[in-house]
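Noted in TrEMBL for the protein shown:
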type: ACT_SITE; residues: HIS251; note: active site, tele-hemiaminal-histidine intermediate
type: BINDING; residues: GLY86, SER87, GLY88, HIS89, LYS139, ASP144; note: substrate binding site
type: DOMAIN; residues: 39-366; note: domain 'DhaK'
type: DOMAIN; residues: 402-601; note: domain 'DhaL'
Amino acid sequence: MGGPVPLCSPPASPVRGTVPLALPHICPTPAVSKKLVNSVPGCADDALAGLVACNPAIQLLQGHQVALRSDLENIRGRVALLSGGGSGHEPAHAGYIGKGMLTGVVAGAVFTSPAVGSILAAIRAVTQAGSAGTLLIVKNYTGDRLNFGLALEQARAEGADVQMVVVGDDSAFTAQKKAGRRGLCGTVLIHKVAGALAEAGASLEKVVHRVKAAAGAMGTLGVSLSPCSVPGSGPTFQLAQDELELGLGIHGEAGVRRMKMVPADEIVKTMLDHMSSSSNASRVALEPGASVVLVVNNLGGLSFLELGVVAGAAVHCLEDRGVRVARALVGTFMTALEMAGVSLTLLLADDDLLGLIDAETTAVAWPNLARVPVTGRSRVLAAPEEGPKVEEPIPAGAPASQRVQLVLERVCSTLLGLQEELNELDRAAGDGDCGSTHARAARAIQEWLNSTPLPARPSQLLSTLARLLLEKMGGSSGALYGLFLTAAAQPLQSRSDPAAWAAAMEAGIEAMQRYGGAAPGDRTMLDSLCAAAEELRALQAPGADLLPVLAKAVQSAEAAAESTKNMEAGAGRASYISSARLELPDPGAVAAAAVLRAVLEGLQSQSG
């Protein structure tokens, strides 16, 4: 069958490529998407051959787009399981070939049902290997039903014992469609249940009976943030930047509705509400006390960070309803090429069914699943207690708490105000988050200032700030500031006069250079800090006036930060970027100079 027509609102039929009578507005023809393939016509064959090349447990059937277990002799006397469909859903289905799951798969071109001749050849291969019958596990799409069904009838005419189960687990449509529910990621769980039964020696009739019962207690719902694109074509549909599609299929078919982007928790709740609604004819009966297997499936292009957020939201939402999550599978199981989206599958499971889910398999795409319930276990380990705190004498000249608080508040407001500017500078050579990282540190310090009395001793103040930034700031910036403040605290343990603060600056810089590997001239925050430290050495002279010296140090730091735009980076992510592309100051150097400026202005505001 052909792929979906690229529409602003794609078709809503399980028949791939079917266009509804009332055509929506046709979008402008999109550009062909880039793909890492050798050729469009051969990409499905190449992908299957690549999987086989890397997996000695799988072999190709000569002349056909069929992959089979390499140890076919071990299926003698057991039911053989064959599945398949169009390519583009990897790792489905070839990733589930192995002992305890599928015997083989038949692959079509991308989003295209496999050839009848190849399906028949696969049935013949497992029959001749001595299987005790063959079960075809087919997703509910018209082309797949027709082609697998034709092959089944031809194989039966040859005397083979073959049966077929059609899986339709889609919970998107509240009213039953004539074509039935679409086959989605829940099919993978059916592979696992059937495979465990076949490996245990169950008869074909028993496997069919158990598989149909499991398929009837299951539902899947997907949501997409972006379309996919068939090799050689443009995107299958269009979504606005602030939209998502709820209830779509795995070939770009339309869902039940489009929604505005909302937080992940709300999206997950909407999905589970829809799947379990009493008005939904394809609902999953999520009653309090029910036990489920949860599958959180990456539709292809979702980041693993987002997948983790969705998985956590799904577990919490189910548990809030009194539903027991017996097992949770999180990963990439059945995709729609590079579609950025996720599907949730729920399988109502008793202990017997869980035993089949837990059974051993050698299939490479099946996860190493923990055989214990997700619900009911402790998820947080208590943090270890801190070591005993050493009480230090309060040195003469220790800063007053209010004075320090005002300075820190000035630093925080400065960094928050620079967030977008620093991010923009960072996009030239990094990942564009320097401002966000410093803003995260500023908010952590503000929260600390509002909740905890400030330490009286300068060394304790810097040590506490170091721990706070190491925990809350994150990234290399958090580590570098943590190093700087931890080392800078040491010279301040016994005194806190201006000379000690100058020594603290030197100690902090030395630690950053020792562990960070950078040096002045490498286009980093060290350029600003070292320039300031050079001026602060004047504080070691008897009678030195702090504020004029600090003012000169800030000016030198700002000049050094500005000069970094003419430097070639020697450390950090920017060192991997061509110097011709580094035309702006280093964001870390700008931030460090801004912190020093905020300290100066905070002290000046109190000097009157």
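Glycine is treated like the rest: Cβ placed from N, Cα and C.
Note that this is a predicted model, so its numbers are computed, not measured.
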Quick check for the class: what is the C-alpha distance, in angstrom and rounded, between LYS139 (substrate binding site) and HIS251 (active site, tele-hemiaminal-histidine intermediate)?
12
C-beta crowding around HIS89 (substrate binding site), within 10 angstroms:
28
If you count other CB atoms within 10 A of each CB, which of GLY86, GLY88 wins among these binding-site residues?
GLY88
The residue listed as 'active site, tele-hemiaminal-histidine intermediate' and GLY88 (substrate binding site), distance between Cα atoms, whole Å:
9
Using an 8 Å cut-off from the Cβ centroid of GLY86, SER87, GLY88, HIS89, LYS139, ASP144, can you name the remaining same-chain residues around the substrate site, in sequence order?
GLY84, GLY85, ALA92, HIS93, ALA107, GLY108, VAL110, PHE111, THR112, SER113, TYR141, ILE250, HIS251
Between the Cα atoms of the residue listed as 'active site, tele-hemiaminal-histidine intermediate' and HIS89 (substrate binding site), find the distance and write it as a whole number of Å.
9
Just jot down the residues in the same chain as SER87 (substrate binding site), at least 6 apart in sequence, with C-beta under 8 A of its C-beta; none if empty.
CYS43, ALA44, ALA47, LEU48, ALA107, GLY108, ALA109, VAL110, PHE111, THR112
